[in-house]
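According to Swiss-Prot:
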type	residues	note
ACT_SITE	Thr239	active site, nucleophile
BINDING	Thr190, Lys216, Thr239, Glu327, Asn466, Ser471	substrate binding site
Amino acid sequence: MSAPFIFKRFSSTIPIHSKPTPSKAHLHFPLPSSSFPKGYVLTGIHAGVKKVAGVPDLAVILSTSSQPTSAAACFTRNAFKAAPVIVSNEILKKNGGYARGVVVNSGCANAVTGKQGMEDAWAMVRETDALLPSKKFEHETLVMSTGVIGQNLPISKIVEGIRSQAESSSTRSLASDFSAWERAAKAFMTTDTFPKLRSRTFTIDGVEYKLAGMDKGAGMIHPDMGPAGTEFKKQLHATLLGCILTDAAVSPRSLQSALTYAVDRSFNSISVDGDMSTNDSIYVLANGAASSSIIDEDATPQAYEAFKQELTTFAADLAKLVVRDGEGATKFVTVTVKGAPSYKDAHSIASRISTSALVKTALYGEDANWGRILAATGSVPLSPTNANTPPPVIDTTKVCVTIVPADGTAPLPVLVNGEPENVDEDRAKEIMTQEDFELLVDLGGMGDGEAQYWTCDFSYEYVRINGDYRS
């Protein structure tokens, strides 16, 4: 056991022992090269954004398909949107949802960097555009950045890095095998402890398609992203970045609809610390390399619905990796709210529970303090069903709270119909000592609304990481 941390409050001195962060090594494993979608080349290199030599900090992703490549995105709603967010949103609006390339740097967020930041983001776009085999629009590259806010990019190093991937360059490393995908995923990382990369194969109407994607994030995680091409007026709360690629052909409008649905049930349903980044972005490219038959929500509704569900499941798998890699996290907790008047209400309550500092510290302490869960639940105002009726009120005599182990053993009710149970504290401790478990809140049949959120605990290691972030 590590040396105790001495916490002094008033006249008392309380020794508190920190716990080791569980290993994440099992979450990073090789994937067969055949599992990746057709028609993409990519790489990750060290351009010099990060201080440590040899650490990847620049990713380049290109679609080489002869078919048009649809693109969709969801961006942060933060008022201080970073330059790459603004630039990429503009490109997607101008192109009507088409793009063939993505360029990503880590180590510098290029956020709150004024005119120079915008010029640097456009420079990254232009240089990557030059690598594309063909173009229909003036600009067909989307850009992402992550790192420290308020610092300018070393743009000359980034430009040199992008140019190193030209066909005529002896240092070109763009490829389509697992190593190339892994290099790109590593270039996304900041405080992440492992590259987050997954793939998925699925079949629609007898045609086999593939999804593959990478994301990054471990801190400054509480996304609230909206669709590309809109002016965001809502302002809410290390950055969440993600890029998903598929060889299906999907119309731009339908791709955006599917992504918006998927993000709400995946990346917008995770929280590490409750802080929304200036750079949060999720991109999807669909290049039609597997089949030229276009999936469209109006023309082929059944195929579209199948694709939407595949994308949602895949996005959730990627999103969960971010929570599992939460800075200093020792727990992965699923928060489920059911019996709410609507999905929106269930999602709002699950979000409040997942971001409560009191709940998250109780998770770290392995303390079944269900009162904190209940307090968070009751603090959320429910939405009125229409403008002429008052919002519904939770019937506290029907609410149930249950701690559900992930190992398949019996759940532990702690509150039943508003009445506290005589909780077996040893059993509660046994469940909460596990790395994975679920908190289930049932509002007692107010409606069919049900939502899940994924969160982690707050540890001393989280404070250490973020106290030292810029040093």
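Backbone N, Cα and C define each Cβ position, glycine as well.
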Helix, strand or coil at Lys216 (substrate binding site) [DSSP, three-state]: strand
Cβ atoms near Glu327 (substrate binding site) (within 10 Å, other residues, all chains): 26
Cβ-Cβ neighbours of Asn466 (substrate binding site) (radius 10 Å): 17
